[in-house]
């Protein structure tokens, strides 16, 4: 095999020290000024009408655009999909070659264009209108052709591109992205999307791990790609029944060492005859009691030394809430007793269990 080709030499006269910190900082400040121009001049009444139109949509919300605006349109559509809103990107070129068949009278078509004079979009308009779809233009040039031929227009004020030639679409696309994503979050609030519903749309990756975990089948295995996903409530991850380290208030500490160590929870749950929680006794409590009492520990009961005000959690609470409780001040803990409405111990959720599940 031949050697890899060498990297091409830099353009003659160009050096990496031509870009210094001051120059770069000035560019960011200039971009900030251009974005502020947009924020200071945007028409909020237009934005409200646009947002309400999307909220009332009974069909699919399609986004389209050409070039960099097309990438932004695709991204905004994907954001809406992640929020459980029916949305899709429609390539204007592909639409003119058959894909427009997906449009219906119940749909909305949002056309993103800086100039509002993009030929592919203008050719798409009469075809989309023939399908009965509602057309909304999002442009940065007032009085443009696209604005005139659509049912609604949203003007995104643009001072100029950051590009020294005012050509490369870097500020205009940033404005489009900010606009689209902000509207998406407004829709998220208007639809009262819960954390559980949002997590249900993100079963993998960092976003979903705080609320969703892979739940094994009854056989304890995950089979192929058919993973049984569930919103992770404490009851899905807790230990229960024979796995619980249970003792009575009157039990001697030294008689419960096996129970304390064998269950792997690092604690004992002190309960009464009805299994109501009285307190907890941890391996840390054991060390402190031994240091303070010496041989007197042989006569002490668990009830005398237990913590009678432990942090607790209910079975319906989310796993992420359990993690927050464990990490809360004044000091973190490694477990939480899981208590039902009658203060009966039904399980234990541990930090190790949460981490193992992927939180």
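Cβ atoms here come from the backbone N, Cα and C positions, even for glycine.
TrEMBL lists 50-193 with the feature domain 'SIS'. This prediction places the mean pLDDT of the domain 'SIS' (50-193) at 96.
According to TrEMBL, the site 'Catalytically relevant' annotation covers 68 (among others). Taking Cβ-Cβ distances under 8 Å and a sequence separation of 6 or more, the neighbours of residue 68 (site 'Catalytically relevant') in its chain are 169, 173.
According to TrEMBL, the site 'Catalytically relevant' annotation covers 120 (among others). The local packing around residue 120 (site 'Catalytically relevant'), expressed as other Cβ atoms within 10 Å of its Cβ over all shown chains, amounts to 18.
According to TrEMBL, the feature site 'Catalytically relevant' maps to 161 (among others). Other C-beta atoms found within 10 angstroms of the C-beta of residue 161 (site 'Catalytically relevant') number 19, with every protein chain shown included.
The site 'Catalytically relevant' annotation in TrEMBL covers 202 (among others).
Annotated domain 'CBS' per TrEMBL: 238-300 (among others), in sequence order.
As annotated by TrEMBL, domain 'CBS' applies to 306-359 (among others).
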